Amino acid sequence: MQIVRAEEMYEWDRRAMDEYGREGYILMENAGRALAGRIREKFPKDEKFLVLIGGGNNGGDGYVIARILKDQGFDVTAVQVVPDEKIEGDALYHKNVYTKSGYDLAELTEQEWNRGTVVIDAMLGIGVKGPLRPPFDDLVRDVNLYGMHRVSIDIPSGLPADEGEEEFEAVKADTTFIVQAPKLSLFTEHTSGYYGEAEVVDIGLPPLSVTDPAREWRAEEDVKEGYPRLPASAHKGSRGKGLLIGGAQMMPGALVMAAKASIRSGAGLTTAATVPGNIPSAAGSLPEVMFMGTEEVDGVISGIDTDSLTGKDAVAAGIGMGRKEPGRAVMETLLKETKVPLLIDADGLYHLRFLLDVLKEREEVTVVTPHVKEMADLTGESTGEVKRNPFSISSKFARDYGVYVVLKGPHTIITAPDGRQIVESSGNEGLAKGGSGDVLTGILLTMLMQHEHPLEALANGCFLHGKSAELLTAGERTVYDLLPTDVVEGLSSVFRTYIKE
Ligand SMILES: NC(=O)C1=CN([C@@H]2O[C@H](COP(=O)(O)OP(=O)(O)OC[C@H]3O[C@@H](n4cnc5c(N)ncnc54)[C@H](O)[C@@H]3O)[C@@H](O)[C@H]2O)[C@@H](O)CC1
Ligand SMILES: [K+]
């Protein structure tokens, strides 16, 4: 499903009207009808609806919804919250249809606030700009104050559609019925909570009017269809030979988790390169993995034999390797000498910020997998800026350095060097734990070896990781006790449920 900025949504509407012959009032009728249909399915007939109608096309949707619910015998009070002269164009057309149907508009009194059980918020849509002006400022506060179920149309009134805005006041919806396509603010941390339970409603735009915004929200079906199948003749070479580099004397666990995740997600052969002192214990717990000692100074990796890169299908580096000086030279060597996809995570990202010019020179596929803080450090932005602008900041970094970016969070945003983006939303707060990222790195290493396109590889890898957590917490585990190592074991259920034919 495509994710749009407000201007892209307007462009779809414009194309539908100007190029594909749909009059604006017909689009509005279709939108309102589809939305009313979902409201009808969701709420029983004994609810008392209070529809708040604003002055733009969002209000126009409100008029259609109020009329259709009344046509169907629902108890609806409709209130136009702006003066008559503000209602124009398609919204005015539908206001007239509403009144000609014999339906009244009410004044918004204390009694109406108290009588309603469901408020339909059709006050402001994606056209909101700047701080709320009267009467919307008070109305938004009132909607949030009264104890009705709050249903927002398209977007909670007052909420920006796009990323970036820091200050706003908005309806805190319980349910939002989004028109046609999710907007960016559904995915940014400071705004997503306002949507409540969000559902996208298809309003039937002509398919040709829908242009590709190059931003996609992944659904389970996409993963199932796109996942590469293993040929019956699969051997370890066709599943991929991966190299993981990381771990320091005091941090053996990260590499062990990543290596285990890599083989559990289907790698043909995984080699783990780490400081020699860690190998006996790690090898004991992972008999399927090959181990290789690196050069070592003060308990951290200080050099790697570049021959070990030969014959590998992908390399992942940086987890648990520490931030001491010698690591930087190791990362520099890897950036220069790795001729296959190279994934950089964790402490590797710390070193990378001093090696951005080397990164820019690198020609082969490179993947960085930062969380918000690491992204902030890489780009020099504050964490607040990254949280508010995850789409554009990822996109800029990906384009500037020609890399794939996996910006990890409740909605992970995966960006290709050409700016194409996929949002993967599976997973839950049980994953917010040390070690989760290491497991993801192991999975992504395997995915990079098995998929033709890195963007697909990364999206599917994030899906496996997130779904594993979801399936586990739907069963024996909870978000409190879920461990990264459980997520590795949970991969079996994800493959069985979603991938296996
Ligand atoms: N053909 C179309 O145009 C369609 C429009 N749709 C609906 O139309 C909406 C967008 O319509 P509009 O572009 O008219 O925009 P809105 O309905 O979001 O709002 C525009 C109105 O809000 C006022 N406003 C903006 N910022 C304000 C602020 N800070 N304080 C107070 N008032 C403010 C403006 O003066 C204007 O009257 C979508 O969200 C969607 O609900 C959908 O029905 C799909 C079809
Ligand atoms: K709204």
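Glycine residues also receive a Cβ, built from the backbone N, Cα and C atoms like all the rest.
All protein chains shown were included, and the count of other CB atoms within 10 Å of the CB of Lys129 ((6S)-NADPHX binding site) stands at 9. Positions annotated as (6S)-NADPHX binding site by TrEMBL: 57-61, 125-131, Asp154, Ala254, Gly320, His371, Asp438.
Less than 8 angstroms from the CB of Asn58 (K(+) binding site) sit Ala122, Met123, Leu124, Gly125, Ile126, Gly127, Ile153, Asp154, Ser157, each of them six or more residues away in the same chain. The feature K(+) binding site is assigned by TrEMBL to Asn58, Asp121, Ser157.
Look at TrEMBL and you will find Lys408, Gly409, Pro410, His411, Thr412, Gly437 tagged as AMP binding site. Sequence-distant neighbours of Gly437 (AMP binding site) (same chain, 6+ apart, CB under 8 A from its CB) are Ile319, Asp345, Ala346, Thr369, His371, Lys408.
What TrEMBL records for 9-211 is domain 'YjeF N-terminal'.
Annotation source TrEMBL lists domain 'YjeF C-terminal' at 219-498.
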In sequence order, those binding-site residues of Asn58, Asp121, Thr412 whose CB lies under 6 Å from ligand 2: Asn58, Asp121
Cβ contacts of Asn57 ((6S)-NADPHX binding site) (under 8 Å, same chain, 6 or more positions away): Met28, Gly89, Asp90, Ala91, Gly125, Gly127
Integer Cα-Cα distance in angstrom, Pro410 (AMP binding site) to Asp121 (K(+) binding site): 26
Those binding-site residues listed as Gly60, Gly409, Pro410, and which of them has the most Cβ atoms within 10 Å of its own Cβ: Gly60
Euclidean distance between Cα atoms of His411 (AMP binding site) and Asp121 (K(+) binding site), Å: 26
Spatial separation of Gly60 ((6S)-NADPHX binding site) from Gly409 (AMP binding site) - C-alpha basis, Å: 36
Other CB atoms within 10 A, centred on Ser157 (K(+) binding site): 28
